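Asker: Straight from Swiss-Prot, here's the annotation block:
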type	residues	note
TOPO_DOM	1-38	topological domain 'Cytoplasmic'
TRANSMEM	39-60	transmembrane segment
TRANSMEM	71-91	transmembrane segment
TOPO_DOM	92-116	topological domain 'Cytoplasmic'
TRANSMEM	117-135	transmembrane segment
TRANSMEM	141-159	transmembrane segment
TOPO_DOM	160-166	topological domain 'Cytoplasmic'
TRANSMEM	167-190	transmembrane segment
TRANSMEM	214-248	transmembrane segment
TRANSMEM	249-273	transmembrane segment
REGION	274-350	region 'C-linker'
TOPO_DOM	274-575	topological domain 'Cytoplasmic'
MOTIF	292-302	motif 'IQ-type'
BINDING	348-471	nucleoside 3',5'-cyclic phosphate binding site
BINDING	Gly414, Ser417, Arg430, Thr431	3',5'-cyclic GMP binding site
BINDING	Arg430, Thr431	3',5'-cyclic AMP binding site
COILED	493-547	coiled coil
COMPBIAS	544-554	compositional bias 'Acidic residues'
COMPBIAS	558-567	compositional bias 'Basic and acidic residues'
Amino acid sequence: MSQDSKVKTTESTPPAPTKARKWLPVLDPSGDYYYWWLNTMVFPIMYNLIIVVCRACFPDLQHSYLVAWFVLDYTSDLLYLLDIGVRFHTGFLEQGILVVDKSMIASRYVRTWSFLLDLASLVPTDAAYVQLGPHIPTLRLNRFLRVPRLFEAFDRTETRTAYPNAFRIAKLMIYIFVVIHWNSCLYFALSRYLGFGRDAWVYPDPAQPGFERLRRQYLYSFYFSTLILTTVGDTPLPAREEEYLFMVGDFLLAVMGFATIMGSMSSVIYNMNTADAAFYPDHALVKKYMKLQHVNRRLERRVIDWYQHLQINKKMTNEVAILQHLPERLRAEVAVSVHLSTLSRVQIFQNCEASLLEELVLKLQPQTYSPGEYVCRKGDIGREMYIIREGQLAVVADDGVTQYAVLGAGLYFGEISIINIKGNMSGNRRTANIKSLGYSDLFCLSKEDLREVLSEYPQAQAVMEEKGREILLKMNKLDVNAEAAEIALQEATESRLKGLDQQLDDLQTKFARLLAELESSALKIAYRIERLEWQTREWPMPDDMGEADDEAEPGEGTSKDGEEKAGQEGPSGLE
C-alpha cells in the first residue's frame with residue numbers, strides 16, 4: 001500500500017470528538033433526564049442549607065461527626081461540579097427550536113448570572129481549613145449560592161406532579177422548617193455568645209442535668225424559635241439589647257411569614273376550589289333555583305343526589321370546556337387516547353377512517369344518569385346515539401318494571417336513529433324504553449354532529465348506511481319495497497333537480513347576454529348624448545345672435561347693414 005493511500009485512510013477515520021458527543025448528549029430542558037437531575041441536585045443543596053449552619057452554631061455536632069461531614073461536603077461539591085457540566089450540555093429554545101450546538105450552549109451559559117453564581121458556589125473557601133482548622137464550617141457558606149437551582153427543581157416538580165396543590169403545601173412546610181431551623185441555630189449561637197444561663201431568655205446552663213446533650217440543645221432551640229415565630233406562647237422577656245434586637249427581628253419575620261403563609265394557603269385553597277368548579281358543576285345555584293320555584297322534595301332530592309355522585313366519584317361533564325385552551329390537534333390526541341377505544345367498538349363505526357373517528361371523538365358528550373332515570377322512551381324521536389361507558393341500563397316494558405334485557409359497559413344503542421336509512425320501518429323513533437338501573441355514565445353523539453362530520457366523508461357515510469341496512473335486515477325492520485320506492489323517488493328528485501339546475505344555468509346565460517347588450521346600448525346612447533352636447537355648444541342660439549348684433553363694432557356689421565350703407569352713399573357719389 002502506498003503512502004498516499006495510508007494518509008487517505010488515516011484521514012477518513014472519524015475523529016475522537018464525534019465519539020465524545022455520543023457519550024455526552026445534549027439534554028432537553030423539558031425532558032425526563034434533566035428533570036431527574038434537578039431532583040438529584042435538591043439533596044446537596046438542602047444538605048448545605050440545613051447542615052452547614054447547624055454545624056456552625058452547634059460545635060458539638062461539628063466535632064462529633066467530623067469525618068462524616070468531610071465525606072458529605074465533598075460529595076456535594078462533586079455534584080455541584082457535575083451540575084455545571086450538565087448546564088454546559090443542556091439545550092435551550094431559540095425561535096421555538098431546541099438548540100443542540102454545544103458551542104452555542106456554552107457561549108450562552110457563560111454570559112448568564114447563573115454561571116457566575118455556580119462558579120462562586122464552588123470557590124474552595126474551605127482551603128482555609130489548613131490555617132484555621134477544620135472546625136469552621138462557616139467557610140462553606142458560599143454553597144448557598146446554588147439555591148436558585150433548588151427553586152427551579154421545585155417549579156419543575158410542581159408542573160409535573162399529579163398533585164400540585166399537595167406539593168405546594170409540602171413546599172411551604174419545607175420553607176417554614178428551614179426558617180425555624182435557621183432561627184433556632186442563631187438563637188443557640190447568640191445564647192452561647194451572651195453566656196448560657198445568664199438570664200431566663202438564653203439557653204439554660206449546660207451544666208444542669210439534661211441540658212448538656214446535643215439533642216436537647218437543638219430541640220429546645222427549635223421549640224423556643226417556634227414559639228417566637230408563631231407568637232402562640234409565653235416566652236421569657238429579653239433582658240439585654242442583643243436579646244431585644246433578636247426578638248424584634250423575629251417578630252418582624254413572624255409578621256411577614258404569617259402573611260406569606262396565609263396568602264399561600266389561601267391561594268392553594270382557592271386553586272383547589274377553582275379546579276373543582278372547572279371539573280365538576282356547582283349545585284348551589286340549582287338548589288337555590290329549586291327552592292325559589294318550590295320544586296317537590298322528591299325531585300329536589302334526586303337532583304342533589306346526582307350532583308353528589310358527580311362530586312364524590314369525580315365525574316366530569318364538561319370535558320370540552322376543560323380542554324378548550326389546548327391546540328386543536330393536541331386536544332384531538334387527548335380525546336382519542338381517552339375515548340377512541342370506546343367509539344371503535346360501535347359496529348357502524350368499525351373499519352372507518354382514523355381521521356373520521358378522531359373528529360367523532362371530539363363530538364362525544366359525557367352524560368350521567370341517576371338510578372331509575374329513563375335514557376329514552378319508546379316512540380321518542382331519536383336525535384342521538386349512546387355508548388355505555390360505565391353502569392347498567394335495562395330495556396323495560398311500558399310499565400317500567402318488566403325487564404327484557406340488561407345493557408352493560410361497552411354496549412351501545414340508538415345508532416340506527418341518527419342515520420337516515422331508507423326503508424327503516426321504525427323511522428327515527430325509539431323502539432324501546434331504556435332505563436338506568438344505577439348511576440350510569442354514557443357518551444352521547446348527536447345526529448347534527450354526525451352529519452357535520454360525515455359531510456366531509458361521503459364515502460364513509462355510504463359505508464355506514466350500508467352497515468345500518470345490514471343491521472335492519474337482521475332485525476327484520478327494513479322494508480325493501482319502501483327502500484326501493486324511496487330510492488326511485490330520490491333518483492327522480494335528483495333528475496328533476498339536475499333539470500332545474502340546467503334550466504337555471506340557461507337562464508343565467510341568457511341573463512348575462514341580455515345584461516351585456518343593455519350595457520352596450522347604454523354606452524352607445526351615452527356616446528351619442530355626449531356628441532349632441534358638443535354640437536350644441538358650437539352652434540349659437542337666436543338670442544345669442546341678437547346680442548352679437550348689438551355688441552358689434554363699427555365697420556363689422558352684417559351684410560344687410562353694408563348693403564344699406566352702400567345704397568345711401570351711391571347717390572351722393574353720383575352728385
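Glycine residues also receive a Cβ, built from the backbone N, Cα and C atoms like all the rest.
Note that this is a predicted model, so its numbers are computed, not measured.
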Asker: Per the definition of 3+ C-beta pairs under 8 A with sequence separation of 6 or more, do the transmembrane segment (141-159) and the transmembrane segment (214-248) touch?
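Answerer: In this chain the transmembrane segment (141-159) does not contact the transmembrane segment (214-248) - fewer than 3 Cβ pairs sit under 8 Å.
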Asker: What is the three-state DSSP composition of the topological domain 'Cytoplasmic' (92-116), stated as helix, strand and coil residue counts?
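Answerer: So the topological domain 'Cytoplasmic' (92-116) is made up of 13 helix, 6 strand, 6 coil.
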Asker: Excluding the flanking five residues on each side, which residues at least 6 beyond the ends of the transmembrane segment (214-248) place their CB within less than 8 Å of a CB in that stretch?
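Answerer: Non-local partners: 54, 58, 60-61, 64, 179-181, 183-188, 190-191, 193-194, 199-204, 206, 254, 257-258.
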Asker: What Cα-Cα separation, expressed in whole Å, is found between Ser417 (3',5'-cyclic GMP binding site) and Leu364 (nucleoside 3',5'-cyclic phosphate binding site)?
Answerer: 16
Asker: Can you tell me which of the binding-site residues Gly414, Arg430, Thr431 is spatially closest to Cys444 (nucleoside 3',5'-cyclic phosphate binding site)? Compare CA atoms only.
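Answerer: Nearest candidate: Gly414.
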Asker: In Å, rounded, how far does the Cα of Asn428 (nucleoside 3',5'-cyclic phosphate binding site) sit from the Cα of Gly414 (3',5'-cyclic GMP binding site)?
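Answerer: It is 9 Å, counting Cα to Cα.
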Asker: Can you work out which residues elsewhere in the same chain, 6+ from the ends of the transmembrane segment (39-60), have a Cβ less than 8 Å from its Cβ atoms?
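Answerer: For the transmembrane segment (39-60), the sequence-distant neighbours (Cβ-Cβ under 8 Å, at least 6 residues beyond its ends) are 69, 72, 75-76, 79-80, 83, 135-138, 140-141, 143-144, 146-147, 149-150, 153, 157, 178, 181-182, 185-186, 188-189, 214, 217-218.
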Asker: Taking Cα atoms as reference points, rank the binding-site residues Gly414, Arg430, Thr431 by distance from Leu364 (nucleoside 3',5'-cyclic phosphate binding site) and give the first.
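Answerer: Smallest Cα separation from Leu364 (nucleoside 3',5'-cyclic phosphate binding site) among Gly414, Arg430, Thr431: Gly414.
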Asker: Quick check on the binding-site residues: of Leu364, Val396, Cys444, whose CB has the lowest count of neighbouring CB atoms inside 10 Å?
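Answerer: It is Cys444 that, of the binding-site residues Leu364, Val396, Cys444, has the fewest other Cβ atoms within 10 Å.
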Asker: Here's one to test understanding: among the binding-site residues Gly414, Arg430, Thr431, whose C-alpha is closest in space to the C-alpha of Asp380 (nucleoside 3',5'-cyclic phosphate binding site)?
Answerer: Arg430
Asker: Could you count the residues of the motif 'IQ-type' (292-302) that DSSP puts in helix, in strand and in coil?
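Answerer: Across the motif 'IQ-type' (292-302), the residues distribute as 7 helix, 0 strand, 4 coil.
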Asker: Where Tyr412 (nucleoside 3',5'-cyclic phosphate binding site) and Thr431 (3',5'-cyclic GMP binding site) are concerned, what is their Cα separation in Å, rounded?
Answerer: 14
Asker: What three-state secondary structure does DSSP assign to Thr431 (3',5'-cyclic GMP binding site)?
Answerer: coil
Asker: How many whole Å apart are the CA atoms of Gly414 (3',5'-cyclic GMP binding site) and Val396 (nucleoside 3',5'-cyclic phosphate binding site)?
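Answerer: Here the two Cα atoms lie 15 Å apart.
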Asker: Give me the count of other Cβ atoms within 10 A of the Cβ belonging to Arg430 (3',5'-cyclic GMP binding site).
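Answerer: A 10 Å sphere around the Cβ of Arg430 (3',5'-cyclic GMP binding site) contains 18 other Cβ atoms.
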Asker: For the region 'C-linker' (274-350), provide the mean pLDDT of the predicted model.
Answerer: 72
